[in-house]
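Student: A single structure is presented below for examination.
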Amino acid sequence: MKAAILVFPGINRERDMARALKLISGHEPQMVWHAETSLPAGTDLVVVPGGFSYGDYLRCGAIAARAPVMDAVRDYAAKGGLVLGVCNGFQILCESGLLPGVLMRNARLKFICKDVHLRVERSDTPFTRGYNAGQVIRVPVAHGEGNYEADEETIKRVEGEGRVLYRYCSADGVVDEANNINGAAHSIAGLVNDKGNVLGMMPHPENHVEDIMGCTDGRGLFAGLTAHLDQAA
Amino acid sequence: MKNEPKITPELVAAHGLKPDEYERILKLIGREPTFTELGIFSAMWNEHCSYKSSRIHLRGLPTKAPWVIQGPGENAGVIDIGDGQAVVFKMESHNHPSYIEPYQGATTGVGGILRDVFTMGARPIACLNALSFGAPEHARTRHLVSGVVAGVGGYGNSFGVPTVGGQVRFHTRYDGNILVNAMAVGLADADKIFYAAASGVNMPIVYLGSKTGRDGIHGASMASAEFDDKSEEKRPTVQVGDPFAEKLLLEACLEIMEKGCVIAIQDMGAAGLTCSAVEMGAKGDLGVDLDLDAVPTREMGMSAYEMMLSESQERMLMVLKPEKEKEAEAIFKKWGLDFAVVGYTTPSKRFVVKHGGDVMADLPIKELGDEAPLYDRPHVPSAALPVVHAREVPAPMALGAALEKLIGTPDMCSKRWVWEQYDHVILGNTMQRPGGDAAVVRVQDGPKGLALTVDVTPRYCEADPFEGGKQAVAEAWRNITAVGGKPLAITDNLNFGNPERPEIMGQFVGCLKGISEACRTLDFPVVSGNVSLYNETNGRAILPTPSIGGVGLLDDFTKSASLAFKAEGEAILLVGETHGWLGQSVYLRDICGREEGAPPPVDLTAEKRNGDCVRGMIHAGTATAVHDLSDGGLLIALAEMAMASGIGAKLLAAPTSLVSQAYWFGEDQARYLVTVPETEAGRVLAKMRGCEVPCVRIGTTGGDAIAIAGEAPVTIDALRKSFERWLPEYMGGKAA
């Protein structure tokens, strides 16, 4: 794995992400500054980490989506390169047109930091092959704007194409409004683009990769990516 | 020198300076001050910056230990945790601004304390806070809780530091004057700590960070006065926080420190440019010449007076190594921050401020700080309150009903609604999240960990300042011990009323004596702190609230304990002596409706002996769960251990020598609950007897309820419902 982690001013979970990637893949990822116009040669995974890029004083992710490095990311994604956006990263990917839809204020209008359960909808993607389809995992969320919305037609297409990979659910896998922590359409916690190479998700798998955190359910995502890239290499 | 408005007695009074303090200024400089100079004096000599009422009493605090690298007097305290690593921490209040404008008041409180920590070269790794609000029924309380919690979260979440613990309380005595105490903890290399003292003559003084605006002018003076009905008119004195700018400032500062560019650094906090420039010069025995034309400003036409008193946030002042200036500038430009040379150090020991070619101030720099007024204000001790005898306290309801009610009261209920708005998992090191005795945060990749806590029991401090002061320190020490940490040092945030009233000064002096005694006995020195006086509105003071922030070290984070029961069928042991002390207990207050009596006495020798023994059991791996006893006593602690695990407890009846409700709800100090495997129980009890630590078995874990012999059991489900209900309902507008 040769991962590149994008760093925009105000991003703050880049170290958490780097630590998780290093721990699971064995390879140190490279930090890439927002003003760069190209990605390091040989990059096989681009990660847009969490935080508050540019303070998120405008629409979350709106300014980062226009940073120089994002042109390089768009080119890279167009060629089929893998992109993972977490939290603010998900918002940035939506704002940059790499994913459909938008992340709005949480339905209850408050920032939420807690462990949530996610149902893994399919296991035949690079982003979920570390899990079984239907498996329930526990990972933390930490966001104020994670309420995923898109127009009806988009949601229909995304669902029809099986592009929702993670959904908020109960501990035993029930998807309903009571467990939809931020009010997202169809309880969507993470989805991919039409080619399946760009994933955006609100929860933080990178914070649940070590025993000392009391849960290692986040490992599967990174282990799956590592296996996928090793296989491709 | 140019003088704008004429200095009149009214103008002097409006600056919070007393006539005799103004006389002192005249004598010191030998002439009438300019308007700008008057502003500078008011900024340096207010209570908040000068500690004029508290200084002589603070001198009695123990501040030294072999592991203390830097005690009080710098931006934050520094302790050595071995392996070349140091922990930098401090707690500070932002009470008045938070009452006037809760969101911005709280954000800038958090921002200010984070800046104090990274100014010293440390990367912040955790935040905590202690929040005291008025009675739930008070008209503003809901609005204040909502705004303060959003503000604390808003800043920390965006800055990227986990908020891992704290306290939230409600009491009518905070109706007109809430308390927002924020603590930040950072990690640094022990040999790379940065200080404020400038060195070298003719060195450039560099301004870094955000631009200067008109916000926060006279913030520190406002914080040094009492409130009245017109306090809301002081909104413009509240600063506005920008966590994004602070995050950039953090990264830029740490980067230039790493590159070896920095000689001295001071953040602009209270009294902004004035305080920081004077501090850098005075500590380095140097003068400072400032040229305000070079200061980056947000607004046109700012006067010297406004620039010197602005409390715009996210700003720093530095002395850089001249040969590294270009490198530092490039780093700051990379982060998009302002960088301007605004002055030079001089050999004159004068503080000279120029603006538009005119000298606006020319003052002796050392005297600005050293010659600030110092008061030994009259103080009277609080009257001792009678001891409440348990036999005179009839139980208004059955034990089970009292437990279910008490666990759902505003002070005792779950604060989940609060801490779920704080990012407490960022950085990936939070091993014990909010809701336990102390938070545990791993140090980098381990094996070390830090145990962090904030504690104080204001009703004890009100009833008996000396015992209350002792108790606040003892409880912080106990919290750290209960997770297996070795308590190292504290930061204190002393919140009191108007020091010009002898009874308030008496509370202050009494609490400080108690704090000193506890720190000395427990080898738990004070390394930083903050005093917040004049916390009163229309003549009514807050409860004396000396918040204690404690830091402890775990050599190996895997050898820590948490309060959740771990398995069924384990022995539950009660460590420490139980007399059934009901005076000032939450049972007496919230169940019996009586807020009275002397608080429980604190036997520091017993604290140390019992605590050291419990810590030893944790390190030896014998203790499976540990919880310290505090508000609500034994039964509340058992309920908390059960709720955290879903495992109940079968308990023996109270000893016949004690009144049942006093045994279960009394708040005797120096006590812990410890569980051990059944097979270990006999050996542990024998060992405790050998160490002369009082320890008895009170029951066994198991079942789905708290079941006391001869009483109706209370299910964990019922407890959880009560525990989780009140705060969300209240904030949703349902409950009072």
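Cβ atoms here come from the backbone N, Cα and C positions, even for glycine.
What TrEMBL says about a protein is an automatic prediction, not a curated fact.
Not my notes, these are from TrEMBL:
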type     : residues : note
ACT_SITE : A:CYS87  : active site, nucleophile
ACT_SITE : A:HIS204 : active site
ACT_SITE : A:GLU206 : active site
Student: Rounded to a whole number, how many Å is the Cα of A:GLU206 (active site) away from the Cα of A:CYS87 (active site, nucleophile)?
Tutor: 11
Student: Using the alpha carbons only, what distance in Å do you get between A:HIS204 (active site) and the residue listed as 'active site, nucleophile' once rounded?
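Tutor: With the alpha carbons as reference points, the distance is 7 Å.
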Student: Within 10 Å of the Cβ of A:CYS87 (active site, nucleophile), how many other Cβ atoms can be counted across all chains shown?
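Tutor: Total other Cβ atoms inside 10 Å, all chains included: 29.
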Student: Measure from each Cβ of the active-site residues A:CYS87, A:HIS204, A:GLU206 to the Cβ atoms of chain B, and list in sequence order the residues where some distance is under 8 Å, or 'none'.
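Tutor: Among the active-site residues A:CYS87, A:HIS204, A:GLU206, the ones whose Cβ sits under 8 Å from a Cβ of chain B are A:HIS204, A:GLU206.
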Student: Which secondary structure state does DSSP assign to A:GLU206 (active site), in the simple three-class scheme?
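Tutor: In the DSSP reduction, A:GLU206 (active site) maps to helix.
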Student: Ranking the active-site residues A:HIS204, A:GLU206 by other Cβ atoms within 10 Å, which is at the bottom?
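Tutor: Minimum Cβ neighbour count within 10 Å, taken over the active-site residues A:HIS204, A:GLU206, occurs at A:HIS204.
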